[in-house]
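Before we start, here is the structure in question, set down as structure tokens.
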Amino acid sequence: MVTMLFKKLSDASEAEMKKLISRGSGLADVGETVSSVLSDVRVRGDAALREYTKKFDKVELAGFEVSEAEFEEALSGVGPELLEHLKVAAANIRVFHEAQLPETTWFMEVQPGVVLGQKATALESVGAYAPGGRASYPSTVLMTVIPARVAGVKQVIVCTPPRADGSIHPLTLAAAKVAGADKVFKLGGVQAVGAMAYGTETVPKVDKIVGPGNVFVTSAKMQVRNVAEIDFPAGPSEVLIIADDSADAAMVASDIIAQAEHDPNAVSVLVTTSEILAEAVRQEVLLQAENTARSEIVKTSLENAAVLISDTLEQSIDFSNKFAPEHLEIMVEDSDFVLNRIKNAGSIFVGNYAPVPVGDYASGTNHVLPTAGYARIYSGLNINHFLKYSSIQKISKSGLESLKETIIALAEEEGLQAHADAIRTRFGYKPSK
């Protein structure tokens, strides 16, 4: 029997609200285990990778890197129609992320003789993690590799868990080829993150690790962030839907089910001003849960779901901003009213014909997004995750002279005499005398 939280938002207890909004990621529960695996990978390299792949993925591998022959076999096994669909999605992803590219170098004169600028430089290397296990995610390969390539990253590798026979799903390998990955490794979980962070005999160390994963992968990313930069915590998937009586109950329910099939820990929430819609969605969710292919996962996930009835649209918006969802769907008559008031959301889907799967696969926006409330402080994966910025100063003698007294006064106030003298020497002062 599926049980979802169903009540008026104003009647929900403090404990119920805290559970929904905090929706604990479980990072603390797995931290010690993750730390142990990471340490082992750092010390023993490939030997540790083989051991953990056998333990967690139940497969013994002779080697981790996907060979060219395996790529060719995979591509021959993917039908031309499916390959074309990959290319359609890839094209949209590429166009959207190209639009995000900043001017490589720019300058401005803030006052005569003082020219300032900024230079954007791509990272040298990036490791993309694509989950496996319950399903293969070629779409995640596109979402992580293509922006890195658009940004100009020189080396992009992919780690994804092997199947029971030691292979990688052909469509995942096809996606890696379409996206432009340099290498693909048959590695998943904590050990994959450790390999990319520290480097092993086989896996090169990277500057940054991006991509979603389960709580173990997320914990691993958080723990290695002083060795290799990461994008953000991206754990179990979630959606919050703001709807009014103009929304279609079957559509809303199908979007809840779609999110629930990702993972038993996925979170799906509807907040609506319509009691009639709320009840209709609840009934529709129960019906659809029985008939979907991944019914058991969906039913488990729905234990984390909620249907909440708000007094006003403003109350719905306020709750959404506190919840800070990974995915936010807006299915109301006046969508701009809601959109303009949203502060915290990873990706926003506006209207009845913009369900989350559109962004998951083919619209072109990125589906690697912060979860568990981290949308309050993080942006979804974008071109800037693959770039770093250097500020530039071009100062003439007259420009420095105009700032001389200000710099000297502030440096001396901070007790940094040599800083002040570095300015004076450019105007005849000899600090050695």
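A Cβ is built for glycine as well, from the same backbone N, Cα and C atoms used for every other residue.
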Taking Swiss-Prot at its word that SER237, GLN259, HIS262, HIS327, GLU414, HIS419 bind substrate, choose the one of ASP57, ASP165, ASP182, ASP360 listed for that site.
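Matched candidate out of ASP57, ASP165, ASP182, ASP360, per Swiss-Prot for substrate with SER237, GLN259, HIS262, HIS327, GLU414, HIS419: ASP360.
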If we check Cα distances from GLU326 (active site, proton acceptor), which of the binding-site residues SER237, ASP360, GLU414, HIS419 wins as closest?
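Minimum Cα distance from GLU326 (active site, proton acceptor) across SER237, ASP360, GLU414, HIS419 lands on SER237.
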Between C-alpha atoms, which of these binding-site residues comes nearest to HIS262 (substrate binding site): TYR129, GLN191, ASN214?
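Nearest by Cα distance to HIS262 (substrate binding site): ASN214.
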Just to verify: the residue among GLU326, ASP360, GLU414 with the fewest other Cβ atoms within 10 Å, which of the recorded positions is it?
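Counting other Cβ atoms within 10 Å of each of the recorded positions GLU326, ASP360, GLU414 gives the minimum at GLU414.
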Substrate site residues SER237, GLN259, HIS262, HIS327, ASP360, GLU414, HIS419: biggest Cα-Cα distance, Å?
57
